[in-house]
Amino acid sequence: MSEAFLVAKGIAKRFGGLTALSDVDLEIRAGEVLALLGDNGAGKSTFIKVLAGAHPPSEGQILVAGQPVSFASPKDAAASGIATIFQELALSENLSISENVYLGRELKHSVLGVPFLRRKEMKQRVAELLKELDAHISDPEAPVGSLSGGQRQSVAICRALNLNAKLVIMDEPTAALAVAETRKVLALIRKLAERGCAVVLISHNISDVFEVADRMVVFRRGRKVAERLRAETELEEIVALITGAHPDVRALEKAQ
Amino acid sequence: MHRLTQATSLLTGRELILLAACVVITIAFASVSPVFATPENAATIMRNSVELLLIGLGMTLLLAMGGIDVSIGVVMGLSAIAVGRALGANLDPALAAAIGPLTGALLGLVTAAVVVLGRIPAIVGTLGLLGVYRTAIFVVLGGQWLSGLPTGLTEMLGTSLVGVPLSFWVIALAYLAVWLALRRTPFGLHLLAIGNSEEKARLAGISVTKVRFAAFLISGMLAGLAATFYVATYRNVEMTTGSTLALDAIAAVVLGGTSILGGRCSLIGTVLGVMLLRILQNGLLLIGVPSLWQTVVTGGLLIAVLSFEALAGRLSFAKLGWASR
């Protein structure tokens, strides 16, 4: 495995008196799909919000490519190459695919000081990206409102790639999708990793996770309780880790 | 949906229907009134459309962004007073002409400040401003008309180029500029994205505040330009100047296919909406319907179009928490 793109050390997050995360250490490597698992309220969503710059951590340190960073907003995180694809995809349904991919960072050229869009180039680039991702969308000019849930995920992924994201965080990317669509999105996630992107994935669907993840991290009550390579674990073990039935988790929780 | 991206396509279904409606009511009025289908009356309709075409253009931008300005007619009224006062003070007509858009732009910035910085829905913020501006007009005019203004501005702007009145060259230029801004620049994309969802636009990294300020500024400036042409044409300003224009503009723009909830707009639709409204108002007057009924017709049309779209499932006010009750 390559060197870690992002290292989180001793991350804690408290909301008033409530401790949502404590002492989480994690490494995320380029080209790797890392799944965060855990029951509702286990702390995985809070953790990705810390990585995405939406919540500043109460304690701990984040290193990106070896350099310590501190994110005041998702914009800061984006500047460090971290893109988050939210569950409710932040796409504009009334705009076309290529417009969405470039929205907020359009290609333009100046005519008499007026910035005009370079539509042709944007369209070409998006068509290439869609082809590369094997997204099965032929027309980059189609409005996003006419796309299926899975196709919209592809557009969101295109957007992240186009922003030169080195780490893509995805929150429940397959939650609202039909079976065939889920397969396509999982294939996309693998493609992202093959391109050298690090992918952090939250999912409740453990069989999806087993199909796509290289490594799994289990959260429980705000702590990281286990880390497993896919090759070295089984579905039953992961379920036991999530529910707390696993002897390792019991021992850990007794010790605290 | 598709008309947004297919900027090159000619007329959409909606626009064709509007065009057909214009033709049908023209034929109907012509068969009833002997005066309607005369070149003089056509010129009257065109002259009566100048202000509405400009204000409707600004309103199209605002509605596409999910905004609105119900004070825009009174903004034109105030700008007209500024132009009138400038003329009355024997200012150079060229300078007086510039005072219209300048005043409008200034008032547009005030509107933006109230709505954007005050974080209140545009419909409520501009309703508040409407109340303020109406009294402002009364106070400034002191209950009297501005009338018998010098003819300099009229002579300057009343000219024709290649047989087309100067006002229509200016209108064409304004529509071309706004069309380019909407379809060919990042500003247009950002405006339409905000009209779809302000939250998502913000997440995409768009500076929502800047775009909203710009749209209100442009709309105010266009209303001010309308004021300049109004004063040039009529050489007087009344207490009620512009008072029905906001309703007219919203009705015309919505008729034209621009969504009142934002995210979708049609400039050709706005032109056709304005023409339909003005032909209808003119024709009704000529067949003897009192002018008092004009706003009834406009308001009725607006309600009918929106209701039709809601019933056809193309419009859901519940989405905005606007459920009717």
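Glycine residues also receive a Cβ, built from the backbone N, Cα and C atoms like all the rest.
According to TrEMBL, the protein has these features:
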| type | residues | note |
| --- | --- | --- |
| TRANSMEM | B:16-38 | transmembrane segment |
| TRANSMEM | B:50-83 | transmembrane segment |
| TRANSMEM | B:95-117 | transmembrane segment |
| TRANSMEM | B:124-146 | transmembrane segment |
| TRANSMEM | B:166-182 | transmembrane segment |
| TRANSMEM | B:211-232 | transmembrane segment |
| TRANSMEM | B:252-277 | transmembrane segment |
| TRANSMEM | B:284-308 | transmembrane segment |
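As a quick check, the transmembrane segment (B:166-182) and the transmembrane segment (B:252-277) clear the bar of 3 or more Cβ pairs under 8 A, pairs 6 or more apart, so the two touch. Proximity of the transmembrane segment (B:211-232) to the transmembrane segment (B:284-308) is not established, fewer than 3 Cβ-Cβ distances being under 8 Å for residue pairs spaced 6 or more apart. Beyond the transmembrane segment (B:95-117), the same-chain residues lying 6 or more positions past its ends with a Cβ under 8 Å from any Cβ of the stretch are 67, 69, 71, 75-76, 78-80, 82-83, 86-87, 125-126, 128-129, 133, 152-153, 156-157, 209, 212-213, 216-228, 231-232. Of the recorded ranges B:16-38, B:50-83, B:252-277, B:284-308, the transmembrane segment (B:124-146) has the largest number of C-beta contacts under 8 angstroms with B:50-83.
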